[in-house]
Amino acid sequence: MLSALAALSCWARSNGADRETTPERIPFEQQDSDWSEFPLHDPHALQIGSSNLDSFTLLSEAVQLTRGVVALPLALNFIASGYPVSPRPPEVETPFAYALSLGSGILFAYPELATITGVQGTVIYAITSAGPLMIFAFLGPIIRSKCPEGFVLTEWTRQRYGIIAACYISFLTCATMFLYMVAELSAVGQIMTVLTGMDGLPMIIVQCIVTTIYTSLGGFKISFITDTLQGVMVIGLIIIATITIGVKTKIDRSLIEPSGLTHTSLLGWQLLYILPVAVLTNDFFLSNFWIRTFASKTDKDLWIGVSVATVVALLILTLVGSTGFIAVWSGAFDPSNPDQEGSVAFFYLLEQLPSWTIGIVLVMVVTLSTAAFDSLQSAMVSTASNDLFRNKLNIWWIRGAVVLIIFPVVVLALKAPSILQIYLISDLFSASSIPVLVLGLSERFYWWRGFEVVVGGLGGIMTVFIFGTIYFGNAQEGANLILLQGGLYGNDWSAFGAFVAAPFGGLLWGFGACALRISFHFVMSKIKGTRFDALDKPLPVGRIVSEGEDAEGDEVQRIASQGLVTIDNKGKFF
């Protein structure tokens with residue numbers, strides 16, 4: 001089926017390449033938020049039909065083919081693509097610390113938390129994992145209106161803050177997706193070992209080969225189609241598994257009260273703040289979500305699609321998480337037994353079910369993992385091509401580089417327990433960098449520049465170190481807190497404090513950097529005798545003014561024959 005879809009996609013692309021006509025650019029104010037008709041780039045730059053197609057052409061065409069996606073397919077894509085969950089305790093040896101929410105790692109992370117914090121933690125974990133998905137419905141229309149020709153967040157970052165800030169965010173984005181690929185392969189490999197007793201490496205290799213082939217042949221279009229089909233499969237399999245567990249599992253009521261899993265806990269309330277910050281900010285680094293956000297036909301379709309995906313994901317995550325305390329109450333998992341690990345509570349429960357249930361779970365695992373992995377591959381190709389090479393390098397060189405990256409991904413996936421701290425660093429970096437980044441979405445912060453974004457992001461991490469040094473009383477422990485070596489599920493306030501220090505500290509450093517930058521411009525204007533313009537509001541993009549009208553040199557494109565200039569505000573770093 002995948003081969004047929006890939007061939008169909010390639011045929012559609014080649015068929016479209018023979019057309020000589022290009023759509024006329026529709027003024028933004030006439031579009032009524034329907035993005036399906038808005039051409040992504042200058043049609044003269046597309047070179048459709050040329051034998052030397054570069055990545056600019058193919059990426060533009062790929063997203064143009066999906067511009068116009070309506071609500072239901074969009075919802076299924078958001079469900080299948082997956083999104084981040086928070087790291088698990090470091091004392092657990094298995095490597096599912098930062099798996100995708102609807103990747104195969106959900107079978108470990110959510111049931112495990114349920115064995116620690118019970119019903120309260122399960123509900124909070126599910127809500128705070130699914131809820132942040134709505135950020136794409138809130139901010140998607142805003143970013144698309146400000147950067148209608150983009151298809152990833154970093155393109156808006158470049159337009160708003162300049163190339164240095166864009167490279168900073170691009171690095172964090174690619175690093176995050178790389179780590180997610182490692183986590184997904186590690187999860188599917190170890191699940192295969194747990195369920196079948198077989199070595200998971202062959203499954204990892206087969207998955208990499210299959211997803212690489214069909215994403216290379218079909219690009220983002222084939223990834224979008226397969227994710228839609230996989231989303232339907234995941235929902236169906238979850239329903240079957242839920243009914244089976246409900247019918248076949250026997251609850252020992254005498255174990256419910258002694259387990260304490262129906263009571264609230266301090267950790268449960270801490271997670272109510274920590275998880276939204278961790279999940280919400282990391283969502284921004286997932287280009288596979290931003291590509292789908294830009295692919296929606298209208299803002300209404302985006303709202304409906306994301307809302308449906310959020311509700312479905314909430315139900316799925318709650319059901320999967322519930323298997324943790326069900327395993328405890330059925331006697332399948334004993335938290336006091338040192339030979340049993342909470343991370344595999346779901347699989348202890350499976351041992352009490354019919355053998356055919358394992359087959360359903362295996363199909364679900366492969367479906368979840370493949371959907372998440374191909375989305376990450378496509379997103380990494382798009383991000384690298386757009387951000388690093390500005391879509392001027394042949395797309396096959398980019399895809400070749402992604403294939404080469406898969407080799408270290410597989411190696412690290414086999415040794416994933418040793419890279420747990422890297423996931424936690426990613427969490428804190430996103431928590432410190434995203435708040436200072438999104439301020440630029442507001443017109444009131446027109447004076448906010450890329451310098452503040454970079455300084456604020458790095459300053460947030462420095463604030464975590466300062467907090468840790470004060471909290472623990474020594475600098476070494478403060479440095480260790482950046483790695484969150486104590487995990488998120490400890491019995492103190494260190495992790496909570498770190499996720500307070502990262503975003504709020506980043507904002508404080510950002511405003512400090514802003515004051516320093518403006519002061520520098522003020523002093524330089526006095527020294528040089530020029531006008532102080534650091535707080536000037538940029539002119540509207542696309543406005544045509546006369547030569548004598550005030551506009552900065554890097555904001556204009558001259559039309560010499562008419563004596564006019566067109567405003568083109570470029571992002572400024574400093």
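Using the three backbone atoms N, Cα and C, a Cβ is placed for every residue, glycine included.
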Segment assigned the feature transmembrane segment in TrEMBL (from 59-76, 203-220): 203-220
For the transmembrane segment (303-333): best-contacting stretch of 123-143, 232-251, 394-414, 453-473, 493-518, by Cβ pairs under 8 Å: 123-143
Maximum Cβ pairs under 8 Å to the transmembrane segment (232-251) - stretch from the list 353-373, 394-414, 453-473, 493-518: 353-373
